[in-house]
Every structure is written in structure tokens, then in C-alpha cells.
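Annotated ADP binding site per Swiss-Prot: GLY154, VAL155, SER156, ARG157, SER158, GLY159, LYS160, THR161, in sequence order.
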Amino acid sequence: MSHHRSAFFISDRTGITAESLGHTLLTQFDALDFQRETVPFVDTVEKARALAERISEIAERDHLRPLVFTSIVNPEVREALRLNNVVLIDFFESFIGHLEIELGQKATLTVGKAHGMVNEEKYDHRIEAVNFSLNHDDGVKLKDLHEADVILVGVSRSGKTPTCLYLALQYGIRAANYPLTPEDLGSPTLPKMLLPFKDKMFGLTIDPNRLHHIRSERRPDSKYASMDNCRREVNEAESMFRHHGVPFISTTHKSIEEIASTIMHKAALGRKF
């Protein structure tokens, strides 16, 4: 039996939904190697037929049915992708009918509602949150910190910046971050500029070995990246968090998505759009 399988994530818009749901399912099959391809903006029957022809050729080449995950609103476009030599997993067809029955209402079947700019006010809020996080990255801008929903604090390279941007983009959270420097860590006292915002602080920590590896790629053979320094910084940062009752989590074995979701839950933050 071949351990190689083609998988397509097809959508009439960005492809984010089909890709995310399909990828989640495929991660449960570790022994298989999936050749993944995302195909967005398949919004006409003509486009669907052309794509179906290409997928059919791949099925003949591989002697295996490709896996086709779709999140397409238009039933005619969906039908054009229904082939005998593919496994079609249609997220819309699988769930929308059950919801219509339960809710007693027909779905509007409007393309682009999940990831399109349907509501300008919500979209603007999302962009404002991203700009806020960019402007308040790495402690560069300390003004307006009172407008932050959360302030991530941690040693350098503990995952603060990508987490802030993900919180802004995915949840509309105004997330600032502040890097704990050696000067900050010399005392258990919180950095002076953060004292008024203690209730908004959330700490990120990381395993010293992992931190050493990350820093060594950036600045090899430096004191900054040395194992002793990484261990000291992490220990002092965690002591500071505990001393002041600042909640914190380890980012060592977590993805950005997991870190952000954990912060949303533990800090009792709500989605802003």
C-alpha cells in the first residue's frame, strides 16, 4: 500500500476554512505522506471543471483517489468537482442541511462571509489592532499602553511578537509586548513603566535549552545566547512573574495558535470582532 496521497483544499474564496479543517483531519494519520495543494477562488463551474480534469489526471497517475476537501457555497460549482475517482469531503454539504433543519431557516449561501470584508467596522477594528501591535512591539512605544487589552512580557525570543500579531489578526486584540532585559531582571521589581498596567500583563517563558538553540541561530557564540545566560534569564523572569502574581505560560512546545488561545482563555479576553 502506498503511503503517498494527494490532497486538495478547494474553496470559492481564500481556502482558509477548507485548508484548516482538512489539515486538522489529516494530522491524525501520521504514517501517510500527503501532497497538499490549496486552490482558492474556484467560484465558477468552468473553473471547477478545469480543476476536476486536472485532479482526475492525478488520480490516474497515482492509481489512488485524491482527497478533495471543499468549502464551496454554490452547489453547481460543488457538483462539478464530484468525480468517481476522488474522495470528496464537502464541508458545506455535510453540515449546512442539518443546521437549516435545526434552526428552521434556509442558509443565505453567501460567498466570502467567513473571511471576506463583510462588515467594514469589524474589519477596521481588526486592522487597528494589528497596527497597535506593530507600534507597541518590543517595548518600542510605551505611550498609550492603557489602550492595550493585554501586554505580553518575557525574555527576548520567547515568542512575544508573533503571538501579539496573531492575537490582533485572529481576535482583534490590542496586544503590546515588552522584552525583559538583563537590567530588568536584576531585580524582582517590575519594570517601572509596566507598574500601572500590572493587571494587563501576561508572561511568556520558555525552556532554557530551547531558548539557547533559538538565540544561537541569531547570535552564535555570544553571551546573549549562552546556556548559562538563558537559564539565568528564564529563572529570573519566572521569579518576577510569581512574585507579582503575573500569570504566565511556557511557549516551549506550543504553536502560536495554542499560545494565543491559552492567553485568550486564561486572561478572560473576548474576541473583538
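Backbone N, Cα and C atoms are what each Cβ position is placed from, and that goes for glycine too.
Here the features listed in Swiss-Prot are placed on the structure.
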residue: GLY154; record: ADP binding site; Cβ contacts under 8 Å, 6 or more apart: LYS160, ASN177, PRO179, LEU180, GLY203, LEU204, THR205, ILE206, ALA237, PHE248
residue: VAL155; record: ADP binding site; Cβ contacts under 8 Å, 6 or more apart: PRO179, LEU180, LEU185, THR205, ILE206, LEU211, GLU233, VAL234, ALA237
residue: SER156; record: ADP binding site; Cβ contacts under 8 Å, 6 or more apart: PRO179, LEU180, THR181, ARG215, TYR224
residue: ARG157; record: ADP binding site; Cβ contacts under 8 Å, 6 or more apart: ILE206, LEU211, ILE214, ARG215, ARG218
residue: SER158; record: ADP binding site; Cβ contacts under 8 Å, 6 or more apart: LEU204, THR205, ILE206, LEU211, THR251
residue: GLY159; record: ADP binding site; Cβ contacts under 8 Å, 6 or more apart: LEU204, ILE206, THR251, ILE256, ILE259
residue: THR161; record: ADP binding site; Cβ contacts under 8 Å, 6 or more apart: ASP137, ASP138, ASN177
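Its Cβ placed at the centre, LYS160 (ADP binding site) has 28 other Cβ atoms within 10 Å. Excluding the listed site residues GLY154, VAL155, SER156, ARG157, SER158, GLY159, LYS160, THR161, the same chain places ASN177, PRO179, LEU204, ILE206, THR251 with Cβ atoms within 8 Å of the centre of the ADP site Cβ atoms.
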